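Presented below is the structure to which this report refers.
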Amino acid sequence: MSKIYEDNSLTIGHTPLVRLNRIGNGRILAKVESRNPSFSVKCRIGANMIWDAEKRGVLKPGVELVEPTSGNTGIALAYVAAARGYKLTLTMPETMSIERRKLLKALGANLVLTEGAKGMKGAIQKAEEIVASDPQKYLLLQQFSNPANPEIHEKTTGPEIWEDTDGQVDVFISGVGTGGTLTGVTRYIKGTKGKTDLITVAVEPTDSPVIAQALAGEEIKPGPHKIQGIGAGFIPGNLDLKLIDKVVGITNEEAISTARRLMEEEGILAGISSGAAVAAALKLQEDESFTNKNIVVILPSSGERYLSTALFADLFTEKELQQ
């Protein structure tokens, strides 16, 4: 029987779960989200936020989409917008990689860069300004608070993990950007499937430990870091703090070195936030109580999206970089 997708947004999901054989003790299972249509976990939310807006009747011909992004959500929205015929404007901190900017332009998006020091807050503020200038023309999708974000992970990512492990998942690890992956997957496994002993682990940069601060009842003090895609510097509306059992902080260096290990030792092209998530799994395995647990880790994106970043900074001589 033939299987033809009516447009490329419909091809999200069903990404492979791969056992790591040389990193860790063989119980770390990596969900390789770079196998999505625009090569990151954000393809899922990019598609669902647009589908949801269409269903609700707020997105129709003539309406233009606007969204702040650190890169991967923007790329996901850009490919879905192109596939379904919408115009898209994205606001993004100027510190994000040049590869992301090029991909956004290639997919037809209008890109507005914001001050790097202001982080995602600056990008969000700019997006809100654009929409306020003409609310009838522009629609802000709001990935950080849009319920369509965790919903798609509850409907797809969670069930995929459950089915691929036959329900034998003990620990779920996710870096936190919008919080949608962690929230949606945990809701499905702990709620729908009733596995209340699942240990859900949030990963964030040690340089911007806002989740740990929030859970401890401390003042939120974000800071700059180099782990693109996680650590937005605030607690997103889509992050359900009640679902988190443990928070692991990862340094820039740990994230980068582990991403390199994934490429060199496991043959998995992995981005910086993927390195952070696996580094968190390795930290857990230092505790004997985690030795025999099946640990599922989300690898959000491919290393190819970070060629101009610190991930590849010292791998080539100047001569090797000449064309």
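Residue numbers in this text run from 1 along the chain shown.
Cβ coordinates are placed from backbone N, Cα and C, and glycine is handled just like the others.
Note that the structure is predicted; figures quoted are calculated from it, not measured.
Secondary structure at N8 (hydrogen sulfide binding site), taken from DSSP and collapsed to helix, strand or coil, is helix. According to Swiss-Prot, the hydrogen sulfide binding site annotation covers N8, R35, L269, on the basis of a curator's inference.
Residues annotated as N6-(pyridoxal phosphate)lysine in Swiss-Prot: K42. The DSSP secondary structure for K42 (N6-(pyridoxal phosphate)lysine) is helix. There are 30 other Cβ atoms within 10 Å of the Cβ belonging to K42 (N6-(pyridoxal phosphate)lysine).
The pyridoxal 5'-phosphate binding site feature in Swiss-Prot is assigned to N72, G177, T178, G179, G180, T181, S273. Under DSSP, G180 (pyridoxal 5'-phosphate binding site) is assigned to a helix (H, G or I) in the three-state scheme.
In the three-state DSSP reading, L269 (hydrogen sulfide binding site) counts as coil. Taking the mean position of the Cβ atoms of N72, G177, T178, G179, G180, T181, S273 as the pyridoxal 5'-phosphate site, the remaining same-chain residues with a Cβ inside 8 Å of that point are V41, K42, I45, T73, S174, G175, V176, L182, G229, I230, P300. K42 (N6-(pyridoxal phosphate)lysine) sits 10 Å from T178 (pyridoxal 5'-phosphate binding site), taking the C-alpha atoms as the reference points.
Sorted by the number of other CB atoms within 10 A, the binding-site residues N8, T178, T181, S273 start with N8, the lowest. When Cα-Cα distances from G179 (pyridoxal 5'-phosphate binding site) are compared across the binding-site residues N8, R35, L269, the shortest belongs to R35.
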